[in-house]
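Feature annotations, courtesy of TrEMBL:
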- A10, A11, A12, G13, A14, G15, K16, T17: ATP binding site (BINDING)
- 1-410: domain 'UvrD-like helicase ATP-binding' (DOMAIN)
- 411-691: domain 'UvrD-like helicase C-terminal' (DOMAIN)
Amino acid sequence: MSGTIQVVTAAAGAGKTTRIVDDIAADVGVRPPEEILATTFTIRAADELVQRTRSELFRQGRVDLAGRLLGARFGTVNAVCGQIVAEYALELGRSTSTNVIADTNESLVFAIAADAAIGAHAPLLNDLAESFGHDDPHPPGKEPPDWRRTVRSVLSLARANGINAEALARSAQRSEQSFLALFPPAAASGETLDAALADAVAAAVAAVPTTPSATANSGGLPALRAAHARLSRDERLTWSAWAALTKVKCAPTKDGRSYAEALAQVAAAAGRHGEHPRLCTDGARFIREIFLCAAEALQAYQTHKAERGLVDFTDQEALALQVLQDPALSARLRERISRVFVDEFQDSSPLQLAVFTALAEIVEASTWVGDPKQAIYAFRGADTDLTQSAFAGAADSATSDVLSVSWRSRPDIVRLANAAFGPAFERMGLPVTRHAFSRAARSDNGFDRHALGYWPLIGKVDEQAAALAQGLRGVLAEGASWSVEQPREVHRPLRVGDIAVLCRTNTDVARYAAALSREGLPVAVERTGLARTPHVELSLAAYRWIADRTDRLALAELARFFAVDPESDAWLQAAAQESDDALQAVVPIASALSALRDQILNLTPAELLDAVLVLPEVVGRIERWGDHAIRLDDLEALRGYAHAYEAECMASGAPATPSGLLLALKGADPQRPPSLAADAIQIMTYHGAKGLEWPMVVLTGLAWEPRARLFEPTAEVDGELDWRCPLANRWIRYWPWPYGLSGSGCDLDVNAAASQPGQEAWRRAAQEDTRLLYVGVTRARDYLVLAPPAKGALNWLKVLDDPGGSPHVNFPAEGDNLIRVGAETFVADVRRLAASEEETLRAIQLTHVRWPAADVSVPRPLHLRPSETQSEAEWTIVESMSLGGRLRIDGVTDMASLGEAVHAILAYDDPARSVEIRWADAQATLERWGILGLSAVDAIAASDRLHAALAGRWPGAKLTREVPVVATLGDQLVRGRIDLLAETSSGFAIIDHKSFPGAPDLWTERALRYAPQLALYAEAVQAATGQRCADLFVHMPIVGALLRLAPARPPTFPSSAGGHAVT
């Protein structure tokens, strides 16, 4: 490389940002500030970097350089790449005015753009997904498999790894071949295996004892009966059902030997499913179709963006790399950029690393700053093996530096981190000489309590959460003995906002948040997965059933949500019946939803969602679950997403539909509203805690078992990694899991884990979990509390063990207070926490939600369209005026265009102008609409005779054409346009033009069709002006008639009381 690379390895809390600030401040003295490029991975970090650097320059008295630094390239990776792309847009063949898709809207734009491409593959993929158990019932909080999410993952990996359509096709072939190699040789006949299982299941069902034991009921009897029901209908079993039947069991002494033997026959027959030819065929087809769908969806997405002048963040990075790889363009860029700083380098994707290495070739010097020990974002596309290779390779070939002094944590926390992680990091290729803390800059002066805590949690998972909650309440009650250090060594008592509880999963986050809330402790919860919260799931299940009455899954979900007894399986029994009647009978809002379905064409997707959310039964059910404010915030976020979807559709010209909104939600997986109050205990995942710190950190989830990501799309590399060519030899491996949420321990599971890709996946998973645990430990400033389950294996800590050796971390035994880590010991605050039976319940916060007392099964739409208005009132023609003879319309076949043309002429024509100008304008209008059979002279004659009739009826009246109307009538909004409004001495009159050419005996019937529309306009005018608008006319210029309408009895429109209108 032409430029030098300096690698700075910065341990957690070792002053990484300060080092970058100092380096940039020194560098502006030797080069123009405008030639500096500094990037990091979040907007907040980028803003902090530029502000701290400018503050340092101001402190040094270099005010001019601080001002010029605003001209430097500071920003996130995509932001600085976007600047490069904008400068060379013309050379890239792109417009200079390009709109960047916000990160929060990318999923929505993709869902809209790729809808047709994904929909084309949906029939086949849905069938295969059903056979793979994707539609099986799943427990609350457990995310079911979704092939659309897999397609998006393949697509995202392809873009982040520079994989084109041809490489995707090769990836599909290799994935298929390697997947099929995991199965034993196929049996000669799948029908034989089907028949054997069917016979075994039938025999087992016949042998079921009259009163099955608890072991039998929990050991697969429901699965056995469900399989028998499907087989009796000549339906194929899903592969998840085959897998479930391999694990059926009973209590032989209670259920009888014959039933036990029958179950053994079922398990043996089901256990041969790995030999089934159809399983291999389904898997191969699924792989091919996933990759083909991803390639076509990617093409559709790229085309959609190109047609609309849009780019997303990945586009910016890819286009910037294109500039950097072009010799002529990179030579010009070299004149503008001479120095590069990269922060959080370890989180780079292969594409981003390609950008950084290309930048390093054209600038004088680059500084890459990061910590390989904190590389935890592989699931977001970062390649930790690649960035670690780049760290090591660049450090060997250039200058390197290490920041190893912890300025964050107390000495025992630093010592624990070194002792616990040093050997594991050595095995990962991260030597202690570069990656261990050299010392802690802080001391223990002023602290009365130990820095480390061991608080084992007794009981089951919910009891453990309650125990921790009560333990934290006790700590806060102990007051000043728990002190925290502020700047300048000032100490104060621990406060509730000083504590963070880190969890391994979002399910754990919800569990601990609920437990702490019950103890009256304020909590700030990391908020992810809006669509996976129960209150949103309930709302969307109702929405889905409205959109598609054949969606039995949505109806079954509603039955489960509205079950009177949460423990009852009555809803499941209803779902098992053929007819939907049983399910609808246990869904109290079924009739209301059916009524809303009848109104679906009159409501936008967002209006339909609002109609669901205001149903009293929905509101009442959600209120029963408590946490009202949080749940209502989530529902508001859902409404906001629906409106954003409609706005995006409007901007792109795409139709907004209920099914489109559901698809967009599934693709976007929007976040819940943030809740990060400073005066509350922070509860979040370990991933969410990266980059943050607290005085007290509690680590939970230590029993988590590392899991290899074998059955999800993964970027693979052929041969040795080469960080200088980060996009070379990359492909995507995808093995589908055919057993839904079950099947663990089956032959496929075992064979995949034993394969070479499986062993690599396990290595990567174990190393990432090691780094993630390190991130958790190093978040603590003053107190680090380890809170594992009191019983059971602490699987997560096993990643620190020497393979084949004894446990590396040993917690205190009963009566002891020493944590032993390798050869070192640490004194800890030991508290064995158990939930007390006397819980301190917080006061329930009631949220009052109003709804009409009457049954509001069909809410009226917010927007009332005058042209679609209906009324129960009876109308009649009370006056008919002849304005002259019929106009000649020879040869006119497009009556709609004729009407538009005549309407435009009447709206524009001014009788005060010269007749020649009026004829010329009328002729131009007729030509523009392609009307040849009506002369301009006749059109102007129609205008003249109308004005003559109006002048004779209301001398001196003020006539206003095309009057826009916006009015609030009751709880509805009216928008429209009045063709001609006459302001007379007695009030207002409305004249509506209708170019009807029919016979006289049809005039009355046609005019009366428009009576509700005119009456609604009259309501709006009266609401706006306070004056009466009683005269309503339909003007038929083609036949020369002016008809006055009046109601035979009062109309039934919304009252205008309290309304507001603008005309």
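Using the three backbone atoms N, Cα and C, a Cβ is placed for every residue, glycine included.
Quick caveat, the model's predicted, so the values are computed rather than measured.
Location within the structure of each feature annotated in TrEMBL.
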| residue | record | CB count, 10 Å |
| --- | --- | --- |
| A10 | ATP binding site | 25 |
| A11 | ATP binding site | 26 |
| A12 | ATP binding site | 22 |
| G13 | ATP binding site | 24 |
| A14 | ATP binding site | 22 |
| G15 | ATP binding site | 17 |
| K16 | ATP binding site | 19 |
| T17 | ATP binding site | 16 |
Cβ-centroid neighbours of ATP site A10, A11, A12, G13, A14, G15, K16, T17, 8 Å, sequence order: R19, D371, L403, S406, W407, R408
Local backbone state of K16 (ATP binding site), from DSSP in three classes: helix
